[in-house]
Amino acid sequence: MSDSTHKIAVIGAGSWGTALAALLARHGHPTVLWGRDAAMVDTIDRTHENARYLPGIALPDSLRATTDLQAAVADAAWILVVVPSHAFTETIRLIAPLRPACPGVAWATKGFEPGSGRFLHEVARDILGPSVPLAVVTGPSFAKEVTLGLPTAITVHGDDATFAQAVADAMHGPTFRAYTGDDMVGAELGGAMKNVLAVATGVADGMQLGLNARAGLITRGLNEMLRLAAAIGARPETLMGLAGLGDLVLTCTGDLSRNRRLGLALGRGQSLNDAIRQIGQVVESVQMADEVMRQAEHHGIELPISNAVRAVLHGEITPEAGLKELLARERKPEYPQTLFT
């Protein structure tokens, strides 16, 4: 853990934003958590509990919460954005004119920009300019487990090695390991695709197709990640690490995953709207399936599992029909010879 105790601003008071803010505060960093909901923010600041997203879990007394964005980012050494992907662009635009002189900006948002399919680091770079260090925080991590202090490993990929290391150092601690890398494309691709593939495994489990089917979907889903990664210039080892395989396994098997729970509900015959209403939080896969397939079509890559998820989410096919189509596909070599070259 770093000895530095510079102020850190965390933007976004959902479950993951709150968990990371609590982690940083416990590691001795003056941490301010910003949120839009005045009542929720006031409760966090007074009672040190996020009763909406992390009920019953005590937050550090030193953690402050505010709805004043300018006050949150003032004098911050760096800023951590933790909002849903659909709010990412707007949030970066809001903080851009308020930043102190060139602090780094990191984010734990996963996915692409909805509607354009752009990588989030491309969005941030366009808005913030060329001189601001950027980093993405990703990996297999449920907010509840992090807040409870259970062992977790994540990775921080950035375009500035010093900044990525500073973010990792601030997060690293006795039960939280933070690695570093410089493949932002691969790290963001893994974070986007795992949400879509988690729906597929959830559907299979909801239909009671067995553990063999779950393992097959996870493995072939990883294959889809690797093939798209190769096409867009990401490094395969990134997808074989925490940002890819690690996050994929967790999201496909852990019932704390909203995307897996969505798949479970669909596999049991619930409608999409009813399933989302029951989950009660943002489910990234609904928009990400479109953006993943946008990337795949742009690069001429076939992603049968991801495409089946997209079709099910749009109501174009039933889960049963999607399964039948996947099982009827022409067999091919498991991996193209060029995948790892």
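Numbering starts at 1 and runs along the chain as it is shown here.
Cβ atoms are placed via backbone N, Cα and C, with glycine included.
When Ala65, Ala77, Ala143, Ala229 are compared with the NADPH site residues Ser15, Trp16, Arg36, Lys110, Arg258, Val282, Glu284 in Swiss-Prot, the one appearing in that site is Ala143. Glu284 (NADPH binding site) sits 7 Å from Asn259 (sn-glycerol 3-phosphate binding site), taking the CA atoms of both as reference points. Candidate binding-site residues: Ser15, Trp16, Lys110, Arg258, Val282. Nearest to Ser141 (sn-glycerol 3-phosphate binding site) by Cα distance: Trp16. Using Cα positions, the member of the binding-site residues Ser15, Trp16, Arg258 nearest to Gly139 (sn-glycerol 3-phosphate binding site) is identified as Trp16. Between the CA atoms of Lys194 (active site, proton acceptor) and Ser257 (sn-glycerol 3-phosphate binding site) there is a gap of 11 Å, rounded to the nearest whole number.
Lys110 (NADPH binding site) sits 13 Å from Ser257 (sn-glycerol 3-phosphate binding site), taking the C-alpha atoms as the reference points.
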